Amino acid sequence: MNGKKIVLGVIGADVHAIGNKILAYAFEEAGFKVINLGVMVAQEEFIKAAIETGADAILVSSLYGHGELDCRGLREKCEESGIGDILLYVGGNLVVGKADFEDVKAKFLEMGFNKVYPPGTLPDVAISDLNEDLGVSDE
Amino acid sequence: MELKNKKLEDELFNSIRQDVLLQWSTGNDVDFDEAVAYHKEIPKHKVFSDKLIEAKEQGNTLIQPRAGVALVDKHIELLNYLVNEGEADLLPTTIDSYTRHNRYHEAEEGINESRKAGRSLLNGFPAVNHGISLCRKVNESVNVPVQVRHGTPDARLLTEVTIAGGFTSYEGGGISYNIPYSKNIPLDKTIYDWQYVDRLIGKYEEAGITINREPFGPLTGTLVPPCISHSVAIIESLLAAEQGVKNITVGYGQCGNLIQDIAAIRTLESLTEEYLHKFGYEDVVVTTVLHQWMGGFPQDESKAFGVISWGAATAALAGATKVIVKTPHEAMGVPTKEANASGIKATKQLVTMLRDQQMVSISDLKLEKDMIMAETRCIVDKTLELGDGDLAEGTIRAFQAGVIDIPFAPSRQNAGKVFPARDNTGAVRFLECAHLPFTQDIKSYHHDKMKERADYEKRDMSFQMVIDDIYAIGKGKLVGRPR
């Protein structure tokens, strides 16, 4: 264990469960304490779980295209709740339709996310980023 | 609420109906007798069940995409494009995710935002918000049968509005639209709510209107062994038949090993018919659908076409009545209409080329069929036993006991103890059978198959295999060999 806690979940009305289960497994294997909220998680639930557990990061997945509608205002809600500095990562199929990932990334960075991942990203990439952002040394 | 697999009585049905139609303003417009009269005027070539029966008789495999956008005119444009440019035989109307969770206010907002943005911000067509007359406009604007495809645990109002709106086929079921599609909805509630849906379709049937019903075959869409999805399909078919449904399409999601997939489609049809006959439902027409690979796709469009074409070939060689197609944008999410049409055309090319070929009965195919039938009978028969002969009760207990256990499902009602993985030839087996009611012979068969792969790969049988398999097709392979 590396002593770091992350809140993990699939946002909105999205029920894509498989990637969520794999991420939970991979982050635990990598030494994180994972608070996995599963699918269909509201913004408020992410924030509540992060406050209750003193989490270091919130990792949001969205596969079904409504990510744009579902993620708006999450950073602002974190600020209002007193965890404005928490790391926010997001990944998946974030918008409806084929879009240039650079545009999608810019849109979500603008919304206050620290990292934005395209579909098909392996868990190792986010694990390595998180280790870096949280100052966890790779053994 | 006492859940029994018994036809809902009219008095109960009507009292539920009063509440259902009040769930959103468009429910007010539902008039059953008027809707029956409307359906009687729909020409035969636009009726789903007629087209399926014709395809079954002729041995054809029909092609159907998935598609749906927020605004009516854009949706009609999309559907016509998929027929005219894509050569689709059957059309869908895929419902957006807010409607699937009965969040009609959010769907309304999605419609308004889509109008403002000039593009669809919803991942499907919000049929309840649009209401009956706009649903009819969709059906009247296209020249092939259209099915409602969704993933709605409580689909009662959606059924009322869309069937009155002229759609002639309806996907879903109390298990297949709960366990893979929700987190926390009681299974007895969704089975009960789908008895209502099926009873409504039964009432149309009694009034002379056949609506095709399709339990959702692929479930979680990733590495689901045939016996699991077959068991759910058979149970949902029996539950639907009890409510008076007469035209059922059972489905299966392609796993990727040709022999296993052909064995799966053939046994799915024969086992469903066998159980329907066993319980006295003699006049139900059963057809099949193969869903092209539902798991993770390659990002590269040419590679994605490879996956799509393999699904098309499998559907044709298996003799599925229809095939649901993927698009080269699958890895990126909801596709453009051009990408959607290109997936249909690639599929059409394969299906048409292979129309006159069949997979002959070789011993491997026979063994695979025998295994699937034995496994499925273990699960369905145990489910009936757990319910003392009542299938609805038995299903609830079967999920509690892990006798039915759907891999990777998000629902808390699902045991989640079963893990599938590919064997050394890519067929999907059980790495962990957990509480599935299999005989020792069946358990040993799966263990031996997985051991064979582990030995070949010189590693232990472990969950890492499952993860490697889930990513494999996206990374250009079928079996997830060690990286």
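Quick reminder: no glycine exception, Cβ is built from N, Cα and C everywhere.
Long-range C-beta contacts of B:Glu171 (L-glutamate binding site), restricted to its own chain and to partners at least six residues apart, with a cutoff below 8 Å, comprise B:Gln147, B:Val148, B:Arg149, B:His150, B:Arg213, B:Glu214, B:Pro215, B:Phe216. Marked as L-glutamate binding site by TrEMBL: B:Arg66, B:Arg100, B:Arg149, B:His150, B:Glu171, B:Tyr177, B:Tyr181.
According to its DSSP assignment, B:Lys326 (adenosylcob(III)alamin binding site) is coil. The adenosylcob(III)alamin binding site annotation in TrEMBL covers B:Gly68, B:Asn123, B:Pro180, B:Phe297, B:Lys326, B:Glu330.
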Cα separation, B:Glu330 (adenosylcob(III)alamin binding site) to B:Arg100 (L-glutamate binding site) (Å, whole number): 21
Rounded Cα-Cα span from B:Tyr177 (L-glutamate binding site) to B:Asn123 (adenosylcob(III)alamin binding site), Å: 17
Cβ contacts of B:Pro180 (adenosylcob(III)alamin binding site) (under 8 Å, same chain, 6 or more positions away): B:Gly151, B:Phe216, B:Leu219, B:Thr220, B:Gly221, B:Ile406, B:Ala409, B:Pro410, B:Ser411
Residue pair B:Glu330 (adenosylcob(III)alamin binding site), B:Tyr181 (L-glutamate binding site) - Cα distance, angstrom, rounded: 19
Cβ packing number for B:Arg149 (L-glutamate binding site), 10 Å threshold: 25
Binding-site residues in contact range of chain A, given that the Cβ distance is under 8 Å, out of B:Gly68, B:Arg149, B:His150, B:Glu171, B:Tyr181: B:Tyr181
Under 8 Å by Cβ from B:Phe297 (adenosylcob(III)alamin binding site), counting only residues of that chain that are 6 or more apart: B:Ala304, B:Val307, B:Lys326, B:Glu330, B:Ala331, B:Ile473, B:Gly474
Packing count at B:Tyr181 (L-glutamate binding site) (other Cβ atoms within 10 Å of its Cβ): 28
Tertiary neighbours of B:Gly68 (adenosylcob(III)alamin binding site) (same chain, Cβ under 8 Å, six or more apart): B:His75, B:Leu78, B:Pro92, B:Thr93, B:Thr94, B:Ile95, B:Asp96, B:Asn123, B:Gly124, B:Phe125, B:Arg149
